[in-house]
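Pulled from Swiss-Prot:
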BINDING   G112, I132, G133, D134, Y135, V136, L137  S-adenosyl-L-methionine binding site
Amino acid sequence: MRIDIITVVPDILKSPFEASILQRAIEKGLVEIHLHNLRDYTTDNYKQIDDYQFGGGAGMVMMIEPIDKCISELKSEREYNEVIYMTPDGATLNQKTANSLSLSENIIILCGHYKGVDQRVRDQFITKEISIGDYVLSGGELGAAVLCDSIIRLIPGVLGNETSALTDSFQDNLLAPPVYTRPSEYKGWEVPSILTSGNLPKIEEWRENQAYERTKKLRPDLLDDE
């Protein structure tokens, strides 16, 4: 998979890909991350990428020309499955979306800033708009990092245990069950005995029941979506 991220501040996006699972995925050649500074696609001496709104109003708007140049250059080199715009207006990121995007070969992610992008960018180039929640950040970079993490960990070979991602919360519209590790007793707090019994069918049944009860208590809305 190749992910091209268009941003005004590429430095924000360097560190997430230089550690842990994402770094290993890149080193294994399972994913390529390419950061594109939008200012490199400007034509003026000031490298301007934003301007005042037509009709007046507070806040600057990202200009269409440098975005067009960047996206068009990338598209001239390869085909892309999606051109994604990170925006609070978008559909909230969920596991279903991450699962779907993880099957893509090439993705472009555009990070918004200021009051957002000229609407013509959204009309002409964007195929999917994604939000990471009903709140506003200074830019789309952190959202892009979250999106990339949620996608990359699903690519076969990225995680050490191939079944690990399949048992994460939300994969079956359920939260994950409680998990425990050694020691089996600590300060009088004991691990449920079923988990140390060695009875795998009973353990699986316990986990399914716990996942359902936990979801019912903490996220009943997920059960309503079934």
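Cβ atoms are placed via backbone N, Cα and C, with glycine included.
Note that the coordinates shown come from a computational prediction; the quantities given were computed from them, not determined experimentally.
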Cα-Cα distance, maximum over G112, I132, G133, D134, Y135, V136, L137, record's S-adenosyl-L-methionine binders, Å: 15
Tertiary neighbours of L137 (S-adenosyl-L-methionine binding site) (same chain, Cβ under 8 Å, six or more apart): G143
Surrounding CB atoms that lie within 10 Å of the CB of D134 (S-adenosyl-L-methionine binding site), all protein chains: 7
Three-state secondary structure, which DSSP defines for G112 (S-adenosyl-L-methionine binding site): coil
Candidate with the highest Cβ count within 10 Å, taken from the binding-site residues I132, V136: I132
Residue with minimal Cβ packing [other Cβ atoms within 10 Å] among the binding-site residues G112, G133: G133
Nonlocal neighbours by CB distance (under 8 Å) for Y135 (S-adenosyl-L-methionine binding site), same chain, sequence gap 6 or more: P88
Shell list (S-adenosyl-L-methionine; ref centroid = CB of G112, I132, G133, D134, Y135, V136, L137; cutoff 8 A): P88, S131, G143
